[in-house]
Amino acid sequence: MSQAGRDGGDSCYRLRCSLLGHELDVRGVARCPLWPGEGFVSVSRDRSSRLWVPDSPNRGFIELQRMSGHSNFVSCVCILPPSDLYPRGLIATGGNDQNICVFSLDSEKPLYTLKGHKNTVCSLSSGKFGTLLSGSWDTTGKVWLNDKCMMTLQGHTAAVWAVKILPEQGLMLTGSADKSIKLWKAGRCEMTFLGHEDCVRGLATINDTEFLSCSNDASVRRWLITGECLQIYYGHTNYIYSVCLFPNSQDFVTTSEDRSIRIWRKGECTQTIRLPAQSVWCCCVLDNGDIVVGASDGIIRVFTESPDRIASIEEIQAFENELSKATIDPKTGDLGDIKIDDLPGRDHLNEPGTRDGQTRLIKEDGKVEAYQWSTGEGRWMKIGDVVGSSGATQQTSGRVLFEGKEYDYVFTIDVNESGPSHKLPYNLTEDPWLVAYNFLQKNDLNPMFLDQVAKFIIDNTAGQTPSTNLGYTDPLTGGGRYIPGSSSTDNNGADPFTGGNRYVPGSSLQSDYSAAAADPFTGKNAYRSSTAPTPNAYFPKTKPVTFDQANPSQILGKLKELNESAPEERKLPEEDLMQLDKLLSVAVNPSGGTVTAQQLDTLWRVVNWPEDLIFPALDVLRISIKNPTVNEMFCNEKEGSQFSSYLLQLMSPSGKQANQLLALRTFCNSFFCDPGSCLLMVERDNVLSKVIELKTVNNKNIHIALATLMLNYAICLHKVSDIEGKAQCLSAISSVIEVVQDLEAIFRLLVALGTLISGDTNAMQLAKSLGVDSQIKKYMSVTEPAKVNECCRLLLNML
């Protein structure tokens, strides 16, 4: 085993113990703080999960609990911290059967199973209050609260291999096979991080503002949550599967397909530990700094810095013997091209290495042996026998990784004997001449070498056929390799609860609008509670809030004025204007008559005027939509979709603010009657997505209308058992409350929050996990209007 000391010291990691039990690959390990001492949980392709605890006073661990519940390979594991509902915490595992199983510490069978993903669940992360984030090959992330799915994160175009929750800020991270990382807040994608050149496989949070990612491109990147990549770490020579931080430190450990774990101190790889297994899938760090590693040979190995916990001499020797007998394919390591005749003999090992983990090849009895330098022990240690060679003698169907991409060959080209050598990657499907030309261009080499390089490629690949990997077996599933985006399941986004499409989180569209804050249509803005403030004065609110004030004569006068400017084919005759006058009269005074079909037909024609002329017509619609006949006409099952689409089009962030405002108020007033309420619940995804887009419009009246619309949604959702709908509305409220500043809008958002969570423990816990309490606390110091402070106090007491 290779060892290396930290900078300025002799400390290095050595084997503590090897744990046998799993029968196939160990795919995930997680520190288990639920158990006193240094316990951890492992999961495997053998379909089992196991809880391991220290075997005091020995150096090893014993298997305390074996858990089963998956019908296929188990891919990932995480620990849910203690909560009011489960004071001892829980263990969650994700599997190839598309399910998440949740266990207690003393249960062999799941307490409950989370269903909803449509492909392998490959990553899990826990947050506060029982929140769980999962990632899947179905390209989505899902947020769970106890046994319910609260929201689905859609936006990636390939498998979500890694997830992580930043609980203090209510943020979530997802890493994907589409090479991107996304930052989510309250169910919406706030930022996409680009830079990795291949699948993102692992994530680790450093603090509230920084995190690490690892990738199939053989690199680790350090990011700020604001988007900047601070540093890139290179050292591994193949896919990096996992990254894990040391306790209270920015140092970390990584595992890779190159058969190694690597320990990084102060940004440098200070120790490389080779394992006698091809794929080192996973790792976790215990509170005492010991490293737990799971690999493709089914063995869990624990490494320690502590002299008190190091394995016996016999155990270490057995480990090194096993390592020395391993066979190494040069295409999977950092061995370079091998020319057996040019290799030195054993005498070459008398020269010390220059860095920890340095690899040296020697020729011994006709075989090629690989040795690795251990700085900590000051010796070369055999890490295996090299089988085959890279370059012209490649005979296997394997692929070579170079700069994060796979190739059939990676040649070493010495164009000039006195100059440096260069790597030339090549796939058998490529044109040798084009590859040679690009190689010379990239390395700024003389074009006169074109024929020579192209001929070299042709000569050294003669008789070979393109690698199709038809025989490849995925080490996770046992089937063919997962190709990002090629899932065999249907990823059309069907909602697991409704059968309809999921809410797709939208990103904010930045716009800078300026508008007078005065409301030209309704006068005073403030919604006032019908009773004096008492502990129950504000929520749950049970009746929709509407915009009722109107001046029919002014509205009709403006209509007549704009009618003169309308295109000839759109102008209304005097008789039609009279119909609108009658409609307004009935809408304002329901006892004054009945609404006629002619009046409704005229209204629909006038609201289809050009957008710069329609705002008084929209005001007629806003007032009259509260009438049951008008509401039924526009919001019925047959016509409702067209009506909703029309208003949503007017709410475009690039549209006119008067139209945006009146469209929002029309939606608010539509809740007054059952047809409108039903329509808006059906159209909730589209409407709330548009609400989020409009939050940056700089107009307080629009913000008040947005808040009122969400309040009316909260009133509807309070009456039904729809946790996903409540999660969606909570997400929208959390997004809008970050932006708006008008205190009347804030008040209505607070009432909406209180209405949503009243009497619903799940909604209350979700609000906590989204960090809503910190948003509420910002307004506790408001003294006027007093209702804002009072709502904040009541909400915080509930949470």
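Even glycines carry a Cβ here, placed using N, Cα and C.
Positions annotated as domain 'PFU' by Swiss-Prot: 372-471.
Mean pLDDT across the domain 'PUL' (537-798) comes to 90 in this model. The annotation domain 'PUL' is assigned in Swiss-Prot to 537-798 on the grounds of sequence analysis.
Residues 68, 70-79, 81-82, 88-89, 91, 93, 95, 101, 103, 105, 279, 281-288, 290, 292-300, 302, 309-311, 475-476, 478 of the same chain lie 6 or more positions beyond the ends of the repeat 'WD 1' (21-62) yet place their CB under 8 Å from a CB of it. What Swiss-Prot records for 21-62 is repeat 'WD 1'.
Positions annotated as repeat 'WD 2' by Swiss-Prot: 69-113. Remote same-chain partners of the repeat 'WD 2' (69-113), defined as residues 6 or more beyond its termini with a Cβ less than 8 Å from a stretch Cβ, comprise 24, 27-35, 41-45, 47-49, 51, 119-126, 128-130, 132, 134, 136, 138, 144, 146-147, 476-478.
What Swiss-Prot lists as repeat 'WD 3' is 116-154.
Across the repeat 'WD 4' (155-194), the DSSP tally of helix, strand and coil residues reads 3 helix, 24 strand, 13 coil. Annotation source Swiss-Prot lists repeat 'WD 4' at 155-194.
Sequence annotations record features per position, and here Swiss-Prot assigns repeat 'WD 5' to 196-233.
According to Swiss-Prot, the repeat 'WD 6' annotation covers 235-274.
As annotated by Swiss-Prot, repeat 'WD 7' applies to 276-314. Within the same chain, residues 11-31, 33, 38, 40, 42, 44, 46, 52, 59-61, 241-242, 244-247, 253-257, 259-261, 263, 322-323, 325-326, 332, 384, 475 sit at least 6 positions outside the repeat 'WD 7' (276-314) and bring their C-beta atoms closer than 8 Å to a C-beta of that stretch.
Beyond the ends of the repeat 'ARM 1' (550-592), by six or more residues, the same chain brings 521-522, 598-600, 602-603, 605-606, 608-610, 613, 616-617, 619-620, 623-624, 626-627, 630 to within a C-beta distance below 8 angstroms of the stretch. The repeat 'ARM 1' annotation in Swiss-Prot covers 550-592.
The repeat 'ARM 2' annotation in Swiss-Prot covers 593-624. Within the repeat 'ARM 2' (593-624), the DSSP-based counts of helix, strand and coil residues read 20 helix, 0 strand, 12 coil.
The repeat 'ARM 3' annotation in Swiss-Prot covers 625-673.
Across the repeat 'ARM 4' (674-719), DSSP helix (H, G, I), strand (E, B) and coil residues number 39 helix, 0 strand, 7 coil. Residues or ranges marked as repeat 'ARM 4' by Swiss-Prot: 674-719.
Annotation source Swiss-Prot lists repeat 'ARM 6' at 760-799.
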Checklist outcome for this item: Taking DSSP H, G, I as helix and E, B as strand, the repeat 'ARM 3' (625-673) contains 33 helix, 0 strand, 16 coil
